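These notes are about the structure you will find just below.
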Amino acid sequence: MAKKEKKTRNSAMDRAFQRTKVLTDHLLQSPPSSSFQTPSLSSNACLNYSPPELSEKYAFDINDMRKLMDGHDLEERDRLFGMITQSKVFNPRVRGGKVFVSPDYNQSMEQQREMTWKRIEYLFERGVFQGWLTGEGEEIEMRRFACFEVLGLFDHSISIKLGVHFFLWGGAIQFFGTKHHHNKWLRDTENYLIKGCFAMTELGHGSNVRGIETITTYDSNTGEFVINTPCESAQKYWIGGAANHATHTIVFSQLNINGTNQGVHALIAQIRDADGNVRPNIRIADCGHKIGLNGVDNGRIWFDNVRVPRDNLLNSVADVSPDGKYLSAIKDPDQRFAAFLAPLTAGRVNIAVNAVYQSKVGLAIAIRYALTRRAFSLKPKEPEVLLLDYPSHQRRLLPLLAKTFAMSFGANYLKMLYVKRTPQSNKIIHVVSSSFKATFTWSNMQILQECREACGGQGLKTENRVGHLKAEHDVQSTFEGDNNILMLQVSKALFAEYMAAQKPNKAFKGLGLEHMNKPCPVIPSQLTTTTLRCSQFQIDALCLRERDLLNRFVAEVSQCQAKGESKEHAFIMSYQLAEDLGKAFSDRTILQTFVEAEATLAAGSLKDVLGLLRSLYALNCLEDGAYLRYGYLSVENAATVRREITKICSELRPHALALVSSFGIPDAYLSPIAFNWIDANSWSSAQH
């Protein structure tokens with residue numbers, strides 16, 4: 001037994017000695033000893049960065065693709081891109097021989113706020129905001145959207161700070177005010193003589209605006225409104241601009257006239273004087289450091305018997321006479337309340353569109369990195385494989401790329417819907433903006449997370465943007481409407497359309513539900529590549545899901561009501577179907593905008609690539625759990641869909657660089673790992 005143990009111990013020592021000898025020979029570059037015929041080890045040649053443009057070909061015109069996706073104001077966008085990259089106020093820095101611009105997120109909260117304000121001043125001095133509130137027409141509105149998209153690519157804080165001032169404060173005056181309000185406030189707002197904020201959210205009430213607790217009463221003796229914060233939960237909270245810069249705010253409060261609560265109304269109140277001092281009877285506190293968006297000075301406001309002139313009531317919806325009589329042409333309190341939410345629609349449009357552009361940044365960085373970063377060899381002595389040549393990496397990123405293209409077309413549709421708005425179209429704008437805001441911001445979080453992971457450790461570095469963009473845009477899921485609440489509103493609107501269509505001689509008309517008037521689509525028992533890539537099949541499949549879920553939702557709510565429950569309680573109890581239905585509506589609407597955009601193109605390579613993207617987006621929607629949960633797809637067909645997605649990913653792989661290049665985002669707005677990440681991390685770069 002002892003002899004056996006000794007032999008084992010000697011064998012282990014021999015192996016340890018052999019490993020030590022091999023490592024020593026390798027490190028000292030000495031030949032192997034004759035006693036161990038071990039092949040010599042040599043180091044691999046150092047990795048060199050090779051621009052993907054040298055090996056990747058463009059099969060279509062990327063400028064034509066950009067025109068299709070951006071849709072409008074390309075020259076204005078490029079002018080603003082150039083203006084930003086040429087100024088030191090936008091924090092240019094050289095990494096790997098290229099200039100990049102983005103905020104310095106390592107700065108303190110106070111420094112980030114100061115820099116956001118300096119950048120706004122720089123843009124104002126160069127006339128960027130000219131006509132944003134005083135101009136009229138579609139051209140001005142579309143130019144404003146384009147500028148927001150560019151500025152959002154640089155920094156979320158600057159776009160939100162501007163959005164609060166122009167879209168919320170300025171938009172409230174435009175929508176709720178009348179001519180004398182427009183004349184008094186809009187030009188001074190555009191010229192930043194007034195800095196506005198929007199005090200709707202409270203500590204105790206966010207999405208439930210109707211339940212806010214701030215109270216305004218009217219004093220007919222002085223002709224003034226008196227605003228009060230009656231309790232701590234009524235303090236205005238998360239008010240962008242309030243902590244440092246805003247001079248005025250729109251105050252949303254319960255309007256109490258002669259002992260009767262007339263519901264939520266909006267007034268203008270001054271909170272600081274021209275020198276920046278907080279006005280009497282107003283208290284302001286800072287909301288403090290956040291997980292992102294620290295360039296925006298969010299604050300809290302308390303009102304202690306703050307008196308404002310009667311003319312400060314924004315009175316397009318309702319008014320109060322000098323002697324204290326409440327006047328409104330809209331008698332229904334529900335309709336009056338709905339009218340007061342109009343400015344939020346513009347905000348939701350901006351948030352939705354901005355989310356798409358952040359997804360583009362993340363994908364452009366992750367895909368460019370995957371076209372130059374290698375990992376593992378499939379065979380000895382062969383080069384390591386590019387990340388994007390792995391089918392698994394394609395499957396991670398390319399369906400998200402297709403989804404981003406689809407959302408781009410959806411965003412363009414939403415913007416046109418908004419700028420061409422009429423009183424009759426308000427309902428569809430509300431429903432689509434609510435749906436797209438939720439879908440696009442949720443998707444943006446998913447996309448940025450996957451891109452962060454796909455970049456490995458480099459995705460953790462703030463300078464590489466992807467990881468930090470996630471923190472900066474996390475807020476999108478909850479501000480200006482919690483996404484879950486918005487999707488419930490979408491389902492409620494579809495419910496109302498369904499009930500209206502049940503009346504004699506009525507058909508579905510509006511919200512894209514006209515497909516409900518046709519026979520129910522049928523999914524073939526066996527799916528082929530030809531069928532799966534057919535746009536009509538894809539639309540039918542998405543319409544089938546929406547149609548069935550709407551029928552199920554109506555039936556479940558109706559059954560609950562039949563048991564004596566209120567409609568609101570029935571909606572709450574049917575929340576799972578409501579969530580599935582809201583998603584089905586959004587996916588179907590987005591696909592239809594994709595198909596319509598594709599239809600504008602003549603046959604050719606651009607249309608062919610778009611067809612692949614459209615099919616990948618649609619089939620990705622078919623992977624939603626509802627298709628198996630409710631039996632729209634058999635298990636076999638679901639597996640066929642999955643295999644087809646993998647095939648389309650491999651077909652899109654050669655176009656990956658062209659597709660992200662067609663986003664039209666200048667190199668300076670991406671990050672070092674999107675380009676020469678070896679030089680960017682070299683010793684010489686570290687010394688600068």
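The backbone N, Cα and C atoms fix where each Cβ goes, and this holds for glycine too.
Among the features that TrEMBL reports, active site, proton acceptor is placed at E480. Taking a C-beta cut-off of under 8 Å and a sequence gap of six or more, E480 (active site, proton acceptor) has these contacts in its own chain: L344, G347, R348, I351, K437.
Around the Cβ of G240 (FAD binding site), a 10 Å sphere holds 26 further Cβ atoms from the protein chains shown. The annotation FAD binding site is assigned in TrEMBL to T201, G240.
Annotation source TrEMBL lists domain 'Acyl-CoA oxidase/dehydrogenase middle' at 197-306.
TrEMBL lists 344-494 with the feature domain 'Acyl-CoA oxidase C-alpha1'.
Summarising the annotation, TrEMBL assigns domain 'Acyl-CoA oxidase C-terminal' to 538-670.
For 1-22, the entry in TrEMBL reads region 'Disordered'.
Around T201 (FAD binding site), the same-chain residues at least 6 positions away in sequence with a Cβ under 8 Å from its Cβ are K236, Y237, W238, I239. The domain 'Acyl-CoA oxidase/dehydrogenase middle' (197-306): residue composition by secondary structure is 6 helix, 54 strand, 50 coil, according to DSSP.
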